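Under the heading Fe cation binding site, TrEMBL lists HIS113, ASP115, HIS173. Look at TrEMBL and you will find 95-205 tagged as domain 'Fe2OG dioxygenase'.
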Amino acid sequence: MVLLKGFVKPEDQIEMVRMCRQLGKGPGGFYRPRLKNGAKLNLWMMSLGKNWDPMARSYGPTHPFDRAQAPTIPDAFKMIAQTANFTASEFPQINPDICIVNYYTNSGKLGLHQDKDESESSLTKVLPFISISIGDIVEFLFGDTRDKDQATKINLESSDVLILGGKSRLLFHGISHVKTNTAPSWLKEEAGIRPGRINLTFRQY
């Protein structure tokens, strides 16, 4: 598990916000997903490359509710993720064909969970996933179990990149809360980012 503090350049953060906004308004854009029990997640989600269906816990080519094709991952997004992957040289390189974009409002959160819906080959090789934070600071939880009281807590700030692979690939992880009004002022001014946090997670199916 590697945390690259301040990794994403300001100009790249601005462009990512603008591109996420543009893609999020189009077909296959942001929506409020439901779990199998019918509960809605406390975030807005968009899948790029392949669509992730949280009810079926599987990947497919189209959105579950409007059948729209998953938008293509922008090359600029891939380049940032792969550069971070290369910087954390202890992990194997991936060719990301999935990017899940989650937008957390001020009240957004995500319970402890494991990311294990990728292919058997990807999971067997314990290929890393690469998580980029933009916007407000969030408290990130991780641990060996789903018990949030036992979890380790760290702050993820705008520009941070977190990479989980190898033995940490199946750690339970989640977001306890968003720390409001903590995004860089220039990001609000230049990109017009709304209060909250954007998280982009790259993986290889």
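Cβ atoms are placed via backbone N, Cα and C, with glycine included.
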Cβ neighbours within 10 Å, counted over all protein chains: which one of the binding-site residues HIS113, HIS173 has the most? HIS173
Compute the mean position of the Cβ atoms of HIS113, ASP115, HIS173, which form the recorded Fe cation site, and then list in sequence order the other residues of that chain whose Cβ is within 8 Å of it. LEU112, GLN114, LEU171, PHE172, GLY174
